[in-house]
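Remarks on the structure that follows.
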């Protein structure tokens, strides 16, 4: 377990201030550039000294312990394989290891073929270099492993494959693995839990599912993939139901919008994941088609359904991303199955279930 | 099809001047290249008709100058390397107050006229200075001596090895971190990672320092006019016997210079770290 207790670090207008505990699992640290992710790793690894606070590894304080004495493995953004050593010498650099052990490890990472004939790191592909650098870090049997954006710069197919392999290998280690990435999709695949950072602070920590269900704020929601964030006012319908009036439609989340008994709260932000909506043809002369389960009011205001015009359609493998003008301040984004037929300029209705709406 | 062809032709025409075959840049560069080559051609061509014989290459003063230069320059280079590489590493890895000053000081001998360096060395190590007097009492003469030549050469030439080594150390910091994260201490990391990875930079610096040392004249004139090194002997020969009489020493120095430049160009392929 790694614990950062009141750790602060300030330099050049940037300030890090974190209190966080990371268990024996894979934790993804996500956040935009400059949020302090890499500084966090530098402090844990001992290459940076905090201005105040302490880092604990398995309840032992690491104050004054040099990087080489911490037994914390690190996989850098660039693979940093020593170019003057062979692949095998790179892997063996940190610890003496038997032939069988090195072969088993390399088989696990699917790089056993690289051990032959004193291969130089310069002859490896980007993905192979990353795998070798992971093997090199694991060989020392570290008490924790830090990975700083290990898939950066790789081609998408290699990156896709590597993240699943990393998940498989890291999950077996049973040590704290801190995986810095700026890709929420990668975080969701690789990690057991997620730490979202911004401006040097931890905004939220928890499982990816927890963050999708109850993001602490709009930034976290956006970062974990809840891209449609809509502001609205809380209202009560004629039938006594509490809804959020977005100006173009009423949204009725299954989750209560008045949490903690804060009945005076009138403004609220709701979030809808692009993948959770359906697109239906707008057959209504003056608006959208209503489904039986989603009644609308007599004044025509829709509930959990928004009439929109298709602005742009981007076809991807197995899906379509549709950008919609719904009369909101921001473009609404929907990701639907590639079999759905929509064209730019079409009038459509976006529908979603109340259980897919999160209150931010 | 025709339109495509036209577009391609236009692009080729544009590139031929500004990007494709770099004609304009080549022409401008050629002017400088010719200017650099021209004096070599005139000197060696002119010397041929001026009665320089093989015997001139073995005159006692030429042999003596070559002996002094070839024995002092390696020592100056060794001294500059022994102290310059650690300084380069320290500057690359440390942050301290006054670092900018030290950085500037390292470069200063490169931008100052060497004769200025010689003047300052005289005020520091001349026979009538405290340091010079202490050395005299120990039987050492720091100026107009073998040591004086080494002082002048080291002062003027050491920045080369410091600057190139530092550039090398700056480029391998991440590898050092990788090594330390794998449990290796700073000293082991230096010898197993930093030094092998920067050997190209350091060797280039050593070669440049040696070339600069062997060709040093301005500072040496001030601190050690005697005994004559090759550059000093060129000056003496020029004054007493004319420009073409300097041919034997010039030929030796040009050969050394060429060897160093070609050597650096060749080893340049191994300078720097590729990922």
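Backbone N, Cα and C atoms are what each Cβ position is placed from, and that goes for glycine too.
Nobody curates TrEMBL annotations by hand; they come from automatic prediction.
Database features, via TrEMBL:
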type	residues	note
DOMAIN	B:66-262	domain 'ABC transmembrane type-1'
TRANSMEM	B:21-45	transmembrane segment
TRANSMEM	B:65-92	transmembrane segment
TRANSMEM	B:104-126	transmembrane segment
TRANSMEM	B:146-169	transmembrane segment
TRANSMEM	B:190-214	transmembrane segment
TRANSMEM	B:234-264	transmembrane segment
| request: Could you name the stretch, out of B:65-92, B:104-126, B:146-169, B:190-214, B:234-264, with the greatest number of CB pairs under 8 A to the transmembrane segment (B:21-45)? | output: B:234-264
| field | Stretch among B:65-92, B:146-169, B:190-214, B:234-264 sharing the most Cβ pairs under 8 Å with the transmembrane segment (B:104-126) | value | B:146-169
| request: Could you give the residue numbers and ranges of same-chain residues that sit at least 6 residues beyond the transmembrane segment (B:190-214) on either side and whose C-beta is under 8 angstroms from one of its C-beta atoms? | output: 69-70, 72-74, 76-77, 80-81, 84-85, 89, 153-154, 156-158, 160-165, 167-169, 171-172, 175-176, 178-179, 184, 229-230, 253, 256-257, 260-261, 263-264, 267-268, 270-273
